[in-house]
Amino acid sequence: MNKSFKVKSSAVVVVAFTAAGDMKFLLEELARDPPPPRQWIGSESWVTDPHSMSFSFCAGTIGVAIQQSVIPGLRDFLLDLSPSEVAASSVLTEFWEDAFNCSLRETVYAIAHALHNAACQETNDMTQCDKRMSVEPKQVPASVCSESCPPGTRKVLQKGKPICCYDCIPCPEGEISNITDSPDCFLCPREFWPNSKRDACFPKPVEFLTFDEVLSVILAAFSVSGACLAIITAVIFFYHRTTPVVRANNSELSFLLLFSLTLCYLCSLTFIGAPSEWSCMLRHTAFGITFVLCISCVLGKTIVVLMAFKATLPGNNVMKWFGPPQQRMTVVSFTFIQVIICIIWLVVSPPFPVKNLTTYKEKVILECALGSSVGFWAVLGYIGLLAVFCFVLAVLARKLPDNFNEAKMITFSMLIFCAVWITFIPAYVSSPGKFTVA
């Protein structure tokens, strides 16, 4: 290079788009007599070459390169290549030799020699070959590092080893692979679940309280038995309706109480069977209304006991203000409030059937969603409010004379009811599917 040219040149930027081999001679020549500082701009070929970048005057060189990108499908294409397809391309042959850390030509020669030795025999300086011989796979040396991964597993490459070396990892819970040497596992649809081998998806079993289950039979037996006992008691009361005992026990409220108890027992049968729109609405509303009717009757009887005791005091004629018409009106009024609450619930956001896919992964629970949680808790809260009110009145009447000892029984009954009610609510809310009925 002309020394005077280097000194007199006023250029401060040198652009060199050339191969690394050609650039090597230029840089070595410049290194003998380093030029003033200049900004180098070069192509990827020599900018990425460690030897070229070792020269001090190349510090700060700006390189121009082609942006790297992921080519969709290239990986699967390269993995699915057969030896014959690779041998037909020099580029693919070089790729295989680099990726598998072996020589394709040597592999082909090894297979050819193996076939030759299996089919040919040398006798008396002559070679005889059986051209019709069938070759078993075990007679040919396998040029793979790992066996194929069966369905239900996925391939995971072994770090630091050739691409043909991999581990077969079982698919995680809820996922499957249905092809050999699958690179990934995929999730089953929401209402499906893998089989034991995790190579196929099957519909999840649907769970609800059917009529032929043991729990349903026990529930139905208790419900029918309780209803029958209430009906038998009502028949006995009706037969002896003219006796002083029945007449003193407020027969009208007693018959209404036995009728509401019969409905309470029978409404549990609505929880058996597959939930539907009508059954979901009937379950909660029938449950709430019949319980309020029952407690309203008990509350009416408690008020009658208190009023009757006050009526025995001199100059007190309070019973004329709480006779049979007022008693009936009390029961109807308390029950009507619950009916209004249920109607508003059904109009605004009624209960509806839903498939519960979150509680259990391996099965679908068919149950009734509440719709409006406010409506549900309003129904339960009103029942609890009446029960507490009835319990308080019964406690106030518990020390009345023995002729009015019915209040003592009401106190005990409502105490048990409130205790059961407190434990029922969390158990009902937290129990999924058919266990809600139990």
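Please read every residue number as a count from 1 along the shown chain.
Glycine too: its Cβ is placed from the backbone N, Cα and C atoms.
Under the heading transmembrane segment, TrEMBL lists 214-239, 251-274, 286-309, 330-348, 374-397, 409-429. Here TrEMBL flags 215-438 as domain 'G-protein coupled receptors family 3 profile'.
Nonlocal intrachain contacts for the transmembrane segment (374-397), taken as residues 6+ away from its ends with a CB within less than 8 angstroms of a stretch CB, comprise 284-285, 287-288, 291-292, 295-296, 298-299, 302-303, 305-306, 309, 334, 337-338, 341-342, 344-345, 348-349, 351, 404, 407, 410-411, 414-415, 417-418, 421, 425. Remote same-chain residues near the transmembrane segment (251-274) are listed as 208-211, 216, 219-220, 222-224, 226-227, 230-231, 233-234, 237-238, 241, 282-283, 286-287, 290-291, 293-294, 297-298, 300-301, 304, 324, 327-328, 331, 353, 366, 436-437 (criterion: CB distance under 8 Å, separation of at least six residues from the stretch ends). Mean pLDDT of the predicted structure over the domain 'G-protein coupled receptors family 3 profile' (215-438): 80. Outside the transmembrane segment (286-309), and at least 6 residues removed from its termini, the chain residues within Cβ reach (under 8 Å) are 250, 253-254, 256-257, 260-261, 263-264, 267, 270, 318-319, 322, 327, 330-331, 334-335, 337-339, 341-342, 379-380, 382-383, 386-387, 389-390, 393-394, 396-397, 400-401, 404, 406-407, 410, 413-414, 417.
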